[in-house]
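Listed in TrEMBL for this protein:
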type	residues	note
ACT_SITE	237	active site
DOMAIN	85-378	domain 'Pectinesterase catalytic'
């Protein structure tokens, strides 16, 4: 059991990270919550509730809090058989997201909706392969978040550092943020990668979600995934993995350190796609997105020899390095990687001095990367959520 003194120190540390400069782009509402109700709640209850129902003690404070609790649950569709409520104050089924996940039966063919009340849930969440068809629904990515502070050093490797790890198929998240609040690493730091979420299941969808971290924020590991109207923040390779994913209408924000005007150094990258061979069917497609923030960054680094990334109709600010892309300092990859741009705009979209292996796509070349057919979404997305 964590002592009150140790836990108080831990909470104070988390709050300090949340309001520190490296995470200056955190939503204001979440920072205010971290300074107020969330901190008070955690200190009042002494230790986090890792698993199980809240004991629902009959005390005046809890009764008063829960008297004001009047959630508006979403309509349940025919494919959803159960709804679970999570609230930090103990006003419904569970106080932690992990406890809610563990309560769900294995290999259910029907969907379970986990409704998560606003708040900061400081816990590491794991959704095993045995629990498909789960939906996390928060109350807005600026008011509901799951956060942890694992790093590659503290977690046995980058792949295991995620605040949330999704191994199951048919996962959906709506209106919630996933954060890794480990301190932003110094240049050249070893083992400081800190994943906010790892997605290793097939047919996952994220709508109106936030992803916050620095190096390796979003581990888009494997499977087919759809991201719409999301906010994704990081510095180095902040979207990486070997999934086949479509990012639509998303905001991509670099928090790499500002680079002095006239200095040619590059200190960040949006993507590091990991396609290893021509036989793998994977890639990242960005459509109607915006790219901004700080630093000087590449659109992608060729983490593996057949790395595949396309940006279409995306607005890019001048933080994009003129050369655009990087082959991971391995020229042998120049013949096999597929990096494309199509009808992008903004100061960073100038392709005049792009690397020779980058492609300025024509209409027919870009077409396969422009809509949900890229991820076979017309076959599996409609049962999960409507397509506009």
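Quick reminder: no glycine exception, Cβ is built from N, Cα and C everywhere.
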- Message: I want to check the contact list for residue 237 (active site): same chain, sequence separation of six or more, C-beta distance under 8 angstroms. What comes out?
- Response: 215, 216, 269, 271, 272, 301, 303
- Mean pLDDT for the domain 'Pectinesterase catalytic' (85-378), as a whole number? 96
